[in-house]
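Some notes on the structure that comes next.
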Amino acid sequence: MDLGKVITAMVTPIHPEKDKVCKKRIHHLVNHLIENGSDGLVIAGTTGESPTLSHDEKIKLFRQVIETNDGRAKLIAGTGSNNTAETIAFTKEVAELGGIDAVLIVAPYYNKPNQDGLYAHFAAVAEASDLPVVIYNIPGRSVVNIEPETIIRLAALPNIVGVKESSGNLDNISKIIAETSDDFQVYSGDDSLTLPILAVGGNGVISVASHVVGNEMQEMIQAFERGEVQKAAQIHRELLPLMNGLFSVPNPAPTKYLLNQQGISVGPVRLPLVDLNAEQGTKLQAILEGLSK
């Protein structure tokens, strides 16, 4: 299964007055992303503020994205949690919606399982799931790192098709790529590491920056794949200040700020996250405007 090169970890549009997942804004955002470089979308992931979405809100979100997408982009639903049984049940429920291509399963957070526990968790979900599974390794948030040896073992299971690697450890990522099959897809979970991970054999990126520079992210990857490494490196350097700026305060507040400024209304972030203040917003806007100079 080819999930694409640029997969956007989509923000969740929230109505600013009603504090509800907003159907109209979802429709607008999905079309914007697909028309501007996104091969696929991750729905209800970290950038989608999944911890503050209820079960019913996630289902509503999935349904609306499926309807708007109409088969154009690959859809990956975030169905993971730190409860294996709950993850399995929710993944099965999402599979019944139709229109979802794969699920993203985050490393269990807070519980701090060891490597045997991590393997057993992902193996149980993969065995029970009708949808292909993408592992999500993000030790900065989940506290535990899925070691490359564990990911390599999991990659041998028939229903585990890839990993979103947000560890930032290129040595580990290189080992995963070297010791898994060619059809196991390794995605950068950090925009700034997209090009380095491509250079060691990765497939693409699950991106935040692609909300606002999706075409440029595509151009960078395509240039690299054509062998135009210097051009790809130049694009990387040009985009790097924005990639870093989007994490100047906790994600996805900066991304939502820029989208709202561009007329793509996605509303605020939910507490305990807070929106950018005026000074933060001005600095971020200046970074974006600097890209075109």
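In case you wondered, yes, glycine gets a Cβ from its N, Cα and C as well.
According to Swiss-Prot, the site 'Part of a proton relay during catalysis' annotation covers T46 (among others). Taking Cβ-Cβ distances under 8 Å and a sequence separation of 6 or more, the neighbours of T46 (site 'Part of a proton relay during catalysis') in its chain are A9, G78, V106, I138, R141, N251.
For T47, I206, the entry in Swiss-Prot reads pyruvate binding site, with the evidence type sequence analysis. Of all Cβ atoms in the shown protein chains, 23 besides its own fall within 10 Å of the Cβ of T47 (pyruvate binding site).
Under the heading site 'Part of a proton relay during catalysis', Swiss-Prot lists Y110 (among others), citing sequence analysis as support. Within its own chain, Y110 (site 'Part of a proton relay during catalysis') has N82, V143 as residues 6 or more apart in sequence whose C-beta sits under 8 angstroms from its own.
Counting only residues at least six positions away in the same chain, the Cβ atoms of G45, G78, G80, L104, I105, V106, A107, V163, K164, S166, G189 sit under 8 Å from the Cβ of Y136 (active site, proton donor/acceptor). The active site, proton donor/acceptor annotation in Swiss-Prot covers Y136.
For K164, the entry in Swiss-Prot reads active site, schiff-base intermediate with substrate, with the evidence type sequence analysis. For the recorded site, K164 (active site, schiff-base intermediate with substrate), the DSSP three-state label reads strand.
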Neighbouring CB atoms within 10 angstroms of the CB of K164 (active site, schiff-base intermediate with substrate), all protein chains considered, total 26
For I206 (pyruvate binding site), the same-chain residues 6+ apart in sequence with C-beta under 8 angstroms from its C-beta are I7, T8, A9, V42, G45, K164, Y187, S188, G189
